[in-house]
Amino acid sequence: MKRFFKIILGLVVLGVIVAVGGIVTMPSRNYDSSQFASKGSDRKDDSELKASILRGQYVALTADCVACHQTKDHKADLSGGFGVETPFGMLYASNITPDKETGIGNWTEAQFADAVRNGKGPNGPLYPAMPYTSYVKMSDQDIHDLWNYLQTVTPVHNEVVENRLSFPFNIRFLMLGWKRLFFDASDIKVVKDQSPEWNRGRYLVQGAAHCSMCHTPRNAFGAEINSRRYTGATLQNWYAPSLTGSKDEGLGNWDEASLVQYLKTGSNHVTVASGPMAEAVKASFQYFTDDDLKAMAIYIKSLPDHGAVKLQALSADNPQMVNGKRIFNDNCTACHVSNGTGVADMIPAFKGNNGIKGGSSESLTRVLLVGSQGAITRFNPTGASMPGFAWKFTNRQAADVLTYIRNEWGNAAPAVSPDEVAKMRETLKARKPLGE
C-alpha cells in the first residue's frame, strides 16, 4: 500500500511540474500535414487521394483499429463503446468515425496525428491503453493515409460513455507525469546493415501491429519494461507468450514459414490462436500482405533468446502427474491425441508447445474452464472450438491435468495449484462442477 501511494504521489508531483510551470518538455513527435497539401488531397476525384485512401484502409487493418473501436456489442463500424478492462478500471474506446458530434468529424488532421502518435487528445492526454506508445513509430505517410481513409467511413452518431476508473487514475492530469517518465517519442531509424525486409518487419512489429502491448510485461505504473520486451506477459487473464528466440518459452523452435502461417491463418502444426490473439488474426493479421507477414517473421525470428530459466519436469510418479494422466486419458485424447501431438492446423499440440509450458498457466487454465474459439479466417473459415470443463472438473482435478500437460512429452513447468484454478474460476465467474 505504501508503494502504491508513493507511485501516485510521484505522478502527481511530476504532473504539477509539467502542467503548471511548463518546466519539463513533454516528449512528442511532430507532424506536418502541409507536406501532403501539394498532392491535391482535398479533391474527391484526385487519383492520389484515392490511392491514399486505399493505403489508409490497409494501415487501419495493420493497426487493428477495429479491435478497440468496435461497439460494445462488437459491431465493427469504428463508432466505439467497447470496454477495455485494465488493472485501474474500465476504459471505453472512442468513436473514430467522422461524425461531427460524437466522433472525429471536427478534428483536424494535425489533431488526429497528435492523438494517434502522441496520446494527446482535444480533451487532454489519452490513457496508454490506446497504443500511441507504439503508433508513435508510424510514418507521416501512414498517418496521413489513415486519416484520409477514416474520412470515408460512414459517420455514426454514438456517444461513448465515460471511462470508469478508480481514484486517482480517473484524473487525466496524471498522464502528463506518466508520459514524461515512460513515453519514448522517437521514430524508427533504418538499420543499414539489415535487409529491407527486416527493417519493414521491425517497423510493423514495433509500430502499427503494436506487438509489445501484449507480449511485454509492465511495471507498477502500467508501462512496458523495455529490458524485457517481447518476453511474454499476462493481460486480461490471458498469457501472451514470449516472442524471443528462446527454445523453452519463445519461438526458438519455429521457422519463418510456421510463423507466417500462424499469423495468416491462426494455426500451424504446433498451436492454434485463441483469445485476444485469435481476435487479432481475425481482424488484422489475415489481411496483411504475404510480403509484410514474411517481413514480420524475419524480424521476430531475429529476436535473441531472453535467457529463460530451464526448468526440470516433474517426475512421472508425482501425485499430480499420476492423477493428471488419468484425467487426460479419460477426457482429452480424442482431440489432443495420447502422445500430445494434437491435429496439425486445427487442434493444438501439447508436445513442444511453448505456449503451454512457458511462463504463466493462465491461458491454459482459462481455456480448460470456459473453452475457447479458434481464429476464424478466410483460410480457416470454421475455426475449431474447445469446450469448457468447469462443469466437470473440481479445482483439484483441473490443477492436476494442467500440471500433467505442462510436464509431459518433454515439457517442464511449475505445477498448477487448486487455489490458482479456484481464483481463475472466480474471476471468470465460471460454473462450479456438478455436485458442488
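Glycine is no exception: its Cβ is also placed from the backbone N, Cα and C atoms.
Bear in mind that TrEMBL entries carry predicted annotations, made automatically and left uncurated.
Taken from TrEMBL, the feature heme c 1 binding site applies to C65, C68, H69. Annotated heme c 2 binding site per TrEMBL: C211, C214, H215, in sequence order. Taken from TrEMBL, the feature heme c 3 binding site applies to C332, C335, H336. For 51-154, 196-304, 319-409, the entry in TrEMBL reads domain 'Cytochrome c'.
Here the CA atom of C211 (heme c 2 binding site) lies 15 Å from the CA atom of C68 (heme c 1 binding site). Taking the centroid of the Cβ atoms of C65, C68, H69 as the heme c 1 site, the other same-chain residues with Cβ within 8 Å of it are D64, V66, A67, Q70, L78, G80, F82, A93, I96. The binding-site residues C211, H215, C332 include none with a CA atom within 10 A of the CA of H69 (heme c 1 binding site). Within 10 Å of the C-beta of C214 (heme c 2 binding site) we count 21 further C-beta atoms, all protein chains included. Looking only at the binding-site residues C65, C332, C335, H336, the one with its C-alpha closest to C214 (heme c 2 binding site) is C65. Per-site Cβ counts within 10 Å over the binding-site residues H69, H215, H336 peak at H215. Counting neighbouring Cβ atoms within 10 Å of each of the binding-site residues (C65, C68, C211, C332, C335), the lowest count belongs to C335. Here the domain 'Cytochrome c' (51-154) is broken down by DSSP into helix, strand and coil counts: 41 helix, 12 strand, 51 coil. Taking the C-alpha atom of C65 (heme c 1 binding site) as reference, the shortest distance to any of the binding-site residues C211, H215, C332, C335 belongs to C211. When the domain 'Cytochrome c' (196-304) is classified with DSSP, helix, strand and coil residues number 52 helix, 10 strand, 47 coil. Secondary structure at C335 (heme c 3 binding site), taken from DSSP and collapsed to helix, strand or coil, is helix. In the domain 'Cytochrome c' (319-409), the DSSP tally of helix, strand and coil residues is 41 helix, 6 strand, 44 coil. Confidence for the domain 'Cytochrome c' (51-154), expressed as mean pLDDT, is 92.
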